[in-house]
Amino acid sequence: MVPVVALVGRPNVGKSTLFNRLTRTRDALVADFPGLTRDRKYGRAEIEGREFICIDTGGIDGTEDGVETRMAEQSLLAIEEADVVLFMVDARAGLMPADEAIAKHLRSREKPTFLVANKTDGLDPDQAVVDFYSLGLGEIYPIAASHGRGVLSLLEHVLLPWMEDLAPQEEVDEDAEYWAQFEAEENGEEEEEDDFDPQSLPIKLAIVGRPNVGKSTLTNRILGEERVVVYDMPGTTRDSIYIPMERDGREYVLIDTAGVRKRGKITDAVEKFSVIKTLQAIEDANVVMLVIDAREGISDQDLSLLGFILNSGRSLVIVVNKWDGLSQEVKEQVKETLDFRLGFIDFARVHFISALHGSGVGNLFESVREAYDSSTRRVGTSMLTRIMTMAVEDHQPPLVRGRRVKLKYAHAGGYNPPIVVIHGNQVKDLPDSYKRYLMNYFRKSLDVMGSPIRIQFKEGENPYANKRNTLTPTQMRKRKRLMKHIKKNK
């Protein structure tokens, strides 16, 4: 088994900074105020070629109420999952009562625990860590995570001895970030191969929406465990959380994202960075579930987020949450509003669910698989050209400057989303209405559902364009005689 290392401690002691340092990413949000990390987050790290899984957790200080209580529960769950615990303290702040409470809990769990004193830059390390020996956790490892000082020594003295006793593991099945990056790279490489099998890869599924529409509740309902902090306050998820799972024999990487709100309401840099990571999660996903609050209806921000999903070319499933408890009259009004405002998204399935009670959730994955299969289906050049020919026979292209636009052949230009490349003459002059006609014709003929389809046009090149033949001496003499004759008859 690959070792699992949990970073625990009070809020704002530098756990996320060390997490980013170990995983060589910026996957954990970092800012100078307590309570920023709310869920436990997994990342892949290695030392001297040996891999381990690092878990970043929310802080525990013993004064939690509301959502902070749930953050503390996530931290305690991370301790149970871990093989090794790095207990981090703040050397600048000194020993705090919360540090003593955490140390007491760690001793009761009998987990291998190592005490790490962070923020020792500018201090005498030996003097700064003296008070922490009273915690009774043995040797103290002073580091400055923000600058990387002492981190390598920590790895060599703490983690490497543990990993030398473990055989390298070839398959990592719990590290979601590893899955996401590895499969994205593998997807990009294998798409160029004829024997590419999209069914062999996990489906990366992002759950997005405005704050407090029930994304994390839906994630937990799907997983069957309280994996993501859920609390009735907008913005309790600030990071994008990658979670591997399996359902009906198919593997998935579930991405629970931070809520995206109106730009004017994004008041601090942390939330702006969370929005960026949400948009990056959409780019990384194969299929996106857009969660909409049935009680609040379609907002401009929902449409803005929908536009980003479409521009990214991602497959889409629309989920209308909080459907329970609504009267039949209100439900009809919501459906009419959806038809009116989302009429241009005719390819996406719409599901009405209650994530809290689980009604309608079981049917979501049928649409997810349908959308993924549509976006990754391989179609040959002969089939695409035949469909294009049928479309032209049913409805001829318009005349452009007195000449009919000629479409010659079509072939696949990419997948996820499906791209059809059409070659012909004067295709750049085709009106948008005819391009939409072709797109809809291909969608109907290929039975593409849940995924956008894109059509690109390539103009046939004239090999003689901008070229002039040089005249032979005989042709030059004829040309001169002709020019004389023309001048003489003027």
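Backbone N, Cα and C atoms are what each Cβ position is placed from, and that goes for glycine too.
Listed in Swiss-Prot:
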- 3-166: domain 'EngA-type G 1' (DOMAIN)
- 9-16, 56-60, 118-121: GTP 1 binding site (BINDING)
- 203-376: domain 'EngA-type G 2' (DOMAIN)
- 209-216, 256-260, 321-324: GTP 2 binding site (BINDING)
- 377-461: domain 'KH-like' (DOMAIN)
Worksheet item: Hey, how far is Asn212 (GTP 2 binding site) from Gly9 (GTP 1 binding site), Cα to Cα, in Å?
Response: 28
Worksheet item: Any idea which of the binding-site residues Asn12, Thr57 has the thinnest Cβ neighbourhood at 10 Å?
Response: Asn12
Worksheet item: Compared by Cα position, which of the binding-site residues Gly9, Asn12, Thr57, Thr120 is the closest one to Trp323 (GTP 2 binding site)?
Response: Thr57
Fill in: Candidate with the highest Cβ count within 10 Å, taken from the binding-site residues Gly209, Asn212
Gly209
Worksheet item: CB neighbours of Lys215 (GTP 2 binding site) within 10 A?
Response: 28
Worksheet item: Out of Asn12, Thr57, Thr120, the binding-site residues in the record, which is closest to Lys215 (GTP 2 binding site) when you go by Cα distance?
Response: Thr57
Item to complete: May I have the DSSP-based helix, strand and coil counts for the residues of the domain 'KH-like' (377-461)?
Response: 32 helix, 26 strand, 27 coil
Worksheet item: Rounded to the nearest angstrom, how far is the Cα of Gly209 (GTP 2 binding site) from the Cα of Lys15 (GTP 1 binding site)?
Response: 28
